[in-house]
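Enquirer: Pasting a structure here, questions to come.
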Amino acid sequence: MQEPNLSSVNEFILLGFSFSPRTTPLLFAAFLMTYLLIILGNSLITILICLDSHLHTPMYFFICVLSMLDLGYTTTTVPQMLAHLTSQKKTISFTSCVAQMYIFLVLGITESWLFAIMSIDRYVAICHPLRYKVIMSPWLCGVMVIFCGLWGVISALVYTVFAMRLPYCGPNKINHFFCEVPAVLKLACADTSVNDRIDFILGFSVIVIPFSLIFVIYINIFMAILRIRSVQGRLKAFSTCASHITVVTMFCMPAMVMYMKPGSEASPDEDKKLALFYNVISAFLNPIIYSLRNKDVKRALLKVTGWSRAPE
């Protein structure tokens, strides 16, 4: 048995991305602009859904939760990354590293299961449209979101406890832009094979199972769509699913690669690119893919801003 953490390491150094001094200002501007757009896009979606009663449906309720998760998800990592790009000091305390790791995992795991819940919503809407409002009641939607959150809290706690109970006696340089479990484990002064097995098992429960559930549900959805006689009806049904499938693929596939491969096979540069994709890029594209191109959201935006035409 490994003894509890007796580490002499009080802080870590986040190496971040390896850029030349000339390109750093450009990358800082690009990341800052992306982060501001993430805040703007996801905040706008959340506000519109709260203000417009026409968007008080299960689908938009889940999209609202997704936007709030994306806001928290990126705010956990990006501001620190921006600060480190402009500073010579790139340290983070041991306690802050643990907190960042835990919060990031809670939000990420919750989002992973939320995608599965959203696929159930689409299944009911397409396959049982007449009973949709009865089945997807506000109470049931609330319970499903609470389940996602509790699963995230519990799974993230297990991930974090098993990672940070190991001794960290030096070196203290994390080859990443934030404290993510695979990158931190490389600094442990002990065998991490048990952690690899735990990460694989937990990765199965928080990524593979939701993704498999989504896959099975969409097979049933597509079979139901193919039975629709109207070509226009088929296209409309497919379009409502395309956004969700795109978002799920952007988030789940990189996360699956990151958390389910053995630590010995991890490449720091590849891990940073994967993390950037499912942490920043997906949060940036979600409002565009899911909502801002949606007619209902555009109508709500015009209504809230007062730019819409006179009411009919």
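Note: Cβ is positioned from N, Cα and C throughout, glycine not excepted.
Sharing the feature lines straight out of TrEMBL:
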TRANSMEM  26-51  transmembrane segment
DOMAIN    41-290  domain 'G-protein coupled receptors family 1 profile'
TRANSMEM  58-78  transmembrane segment
TRANSMEM  98-118  transmembrane segment
TRANSMEM  139-162  transmembrane segment
TRANSMEM  200-225  transmembrane segment
TRANSMEM  237-260  transmembrane segment
TRANSMEM  275-292  transmembrane segment
Enquirer: Determine whether the transmembrane segment (200-225) and the transmembrane segment (275-292) share at least three Cβ pairs under 8 Å, counting only pairs 6 or more apart in sequence.
Expert: no
Enquirer: Average the pLDDT scores across the domain 'G-protein coupled receptors family 1 profile' (41-290) and report the rounded value.
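Expert: Average per-residue pLDDT within the domain 'G-protein coupled receptors family 1 profile' (41-290): 86.
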Enquirer: Is the transmembrane segment (26-51) packed against any residues at least 6 beyond its ends, judged by a Cβ distance under 8 Å, and which are they?
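Expert: Same-chain residues near the transmembrane segment (26-51) but 6 or more away: 17, 19, 60-61, 63-64, 67-68, 70-71, 74, 78-79, 81-82, 85-86, 280, 283-284, 286-288, 290-292, 297, 300-301, 304.
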Enquirer: Does the transmembrane segment (98-118) come close to the transmembrane segment (237-260), meaning at least 3 CB pairs under 8 Å for residues 6 or more apart?
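Expert: Counting Cβ pairs under 8 Å, at least 3, so yes.
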